[in-house]
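Student: This is the feature table in TrEMBL:
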ACT_SITE  B:D168  active site, proton acceptor
BINDING   B:Q43, B:E118, B:D149, B:G150, B:P175  S-methyl-5'-thioadenosine binding site
BINDING   B:D98, B:D168, B:S169, B:S170, B:D171  spermidine binding site
DOMAIN    B:14-248  domain 'PABS'
Number of protein chains: 2
Amino acid sequence: MMQIEECLKKIGDDIWFTEVDRNNLKIDYRIKEIIYQGNSPIQQIMILDSYDFGPMLVLDDAIQTTSNDGYIYNEMIAHVPLNIHPNPKNVLIIGGGDCGAAREVTKYPNVERIDMVEIDEMVVQTCRKYLPKVSGKLSDPRVNFIFEDGTAFVKEQRDYLYDVVIIDSSDPVGPAVKLFELEFYKDIYSNLREDGLMVCQSESPIFYSEMMVKIHKNLNSLFPIVKTYMATVPTYPGGFWTFTMGSKKYWKPNPEKFDKDTKYINKEILESCFILPKFIEKLLDDN
Amino acid sequence: MMQIEECLKKIGDDIWFTEVDRNNLKIDYRIKEIIYQGNSPIQQIMILDSYDFGPMLVLDDAIQTTSNDGYIYNEMIAHVPLNIHPNPKNVLIIGGGDCGAAREVTKYPNVERIDMVEIDEMVVQTCRKYLPKVSGKLSDPRVNFIFEDGTAFVKEQRDYLYDVVIIDSSDPVGPAVKLFELEFYKDIYSNLREDGLMVCQSESPIFYSEMMVKIHKNLNSLFPIVKTYMATVPTYPGGFWTFTMGSKKYWKPNPEKFDKDTKYINKEILESCFILPKFIEKLLDDN
């Protein structure tokens, strides 16, 4: 992890934030203002107001989401599974501390329970306060905030199961590593109803294709239906981003039913997001 | 334009190349080797071997194409129009000095003539020599290299017209500015057969959406059919990239006919590339 002094630099009158990817690529954003800077027991948290993407959430020097493009990721990780499942009532979100995925889930009136298990309460409080364009200051009564390690939560006994599980993790470094392991997916499987499905963010097919392939393999060993879909996210290095669905029964989008107010996804994208460029298909087929 | 000393920096043992976008965003690539550096009468030309994307063409400090992702742009600008036109025989390429678009066009045996009008001969020679993964060392006898200003070329009298015109320009700064003007598109229209069509790269919908909208408007004032399509290009800032087609007659892709050896586009993408995210649709509809 870089020190805070290294990722934020003053050049002339300007502040620049630098995100480093694998020591081969750096992306520098010009910053209007450091809105918030703090440390939770788990990680360093910053809200930086950038010229291009507005206020953005930075955890341990990695951009997680931004006010101006966060809706792309959040819409894609939430609406695809909730549209494919014909009647989701109980939804579990693991991670998603920026509250953006939960906010999309609240757009479904038939959903009765949204358990949001986030390891770092300070991320949630910070985003509700300083990142309203992403979090919507989330306050829907159906959302139960549970501040706990997601891998521990899915091992606990409950008297209900889930229809849809959304794994909205950060990258597989630090606290999120265990959210990419087979054992965790097995526990997710056990927490799903007999017709349930899960979706996780499955990383960049450009810079982390081994991880994308590993997730696909792990889910293939558990679920009868595994499908990868994609979106383009400007603030994720390489632009391309993938999501992988593991499902016990349903796999078909229902565009005719889609009526949500969104900024990226529409009826057509619910289906076309599963059409992958040849090089991504090849990565998944070869492994 | 930055000076060469500013865009290439030595940090420790490493060389880094920095691309600056609107003074709000910088992208830094770690470089293995400066393969070539020279000046044509028109611009500064570099071939830099990057860790992430292999050898890449840099003109006046802006990345034009790279060995590892150049195929995405070149396939999308060439195969979409050549698949939509039922029988393209005469093809004109304006720009495209890296030879990647022309190389894709040569995959169509029924194409009889490929006029490639590039203002800077040195770009072509440099890419044929140092960028074989993009240019394929292009030497197909159907390709006529014409080293001339594209705006002048389309004003000349010829005894034949084109079925497809591909405008593969750099960004609208310096020599390429005139390739984004209405007058130029009028001349393109006049150079097309009565059922001809053209495609141009139409910039980023994130950072240059006004230009994307302007191109769409200009083409709308000339062609009965105007359609925007998109792809994701990792080395173009923001990831999203758009292309706009102006057509006199044809608009429907023919996926069943597509049989080319490609790395990005496939039968499905020929159609799905026209499905635009809501925010891009809105930008085009509002204007």
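Indices start at 1 and increase along the chain as displayed.
Cβ coordinates come from backbone N, Cα and C, glycine included.
Note: TrEMBL annotation is automatic and uncurated.
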Student: Counting across all protein chains present, how many other Cβ atoms fall within 10 Å of the Cβ of the residue listed as 'active site, proton acceptor'?
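Tutor: So the Cβ neighbour count for the residue listed as 'active site, proton acceptor' comes to 27.
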Student: Cα-Cα separation of B:E118 (S-methyl-5'-thioadenosine binding site) and B:S169 (spermidine binding site), in Å?
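Tutor: So the Cα of B:S169 (spermidine binding site) lies 9 Å away from that of B:E118 (S-methyl-5'-thioadenosine binding site).
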Student: Cα-Cα, whole number of Å: B:D171 (spermidine binding site) versus B:D149 (S-methyl-5'-thioadenosine binding site)?
Tutor: 15
Student: Using the Cβ center of B:D98, B:D168, B:S169, B:S170, B:D171 as the spermidine site position, which other residues in that chain lie within 8 Å, going by their Cβ?
Tutor: B:Q64, B:G95, B:G96, B:G97, B:A176, B:Q201
Student: From the recorded positions B:D168, B:S169, B:S170, pick the residue whose C-alpha lies nearest to the C-alpha of B:Q43 (S-methyl-5'-thioadenosine binding site).
Tutor: B:S170
Student: Largest pairwise Cα distance, Å, within the listed S-methyl-5'-thioadenosine binders B:Q43, B:E118, B:D149, B:G150, B:P175?
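Tutor: Farthest-apart Cα atoms in B:Q43, B:E118, B:D149, B:G150, B:P175 are separated by 16 Å.
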Student: Note the Cβ centroid of B:Q43, B:E118, B:D149, B:G150, B:P175, the recorded S-methyl-5'-thioadenosine site, then list each other residue of that chain whose Cβ lies within 8 Å of it, in sequence.
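Tutor: Near the S-methyl-5'-thioadenosine site, the remaining chain residues are B:I42, B:G95, B:G97, B:I119, B:D120, B:A176.
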Student: Quick one: pull the CA-CA distance for B:S170 (spermidine binding site) versus B:G150 (S-methyl-5'-thioadenosine binding site), whole Å only.
Tutor: 12
Student: Cα-Cα separation of B:D98 (spermidine binding site) and B:D168 (active site, proton acceptor), in Å?
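Tutor: Between the Cα atoms of B:D98 (spermidine binding site) and B:D168 (active site, proton acceptor), the distance comes to 10 Å.
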Student: 10 Å Cβ neighbour count around B:S170 (spermidine binding site)?
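Tutor: Neighbour count, Cβ to Cβ under the 10 Å cut-off: 21.
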Student: Spatially, and counting Cα to Cα, which of the binding-site residues is closest to the residue listed as 'active site, proton acceptor'? Options: B:D149, B:G150, B:P175.
Tutor: B:G150
Student: In angstrom units, rounded to an integer, how far apart are the Cα atoms of B:P175 (S-methyl-5'-thioadenosine binding site) and B:S169 (spermidine binding site)?
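Tutor: The Cα atom of B:P175 (S-methyl-5'-thioadenosine binding site) is 9 Å away from the Cα atom of B:S169 (spermidine binding site).
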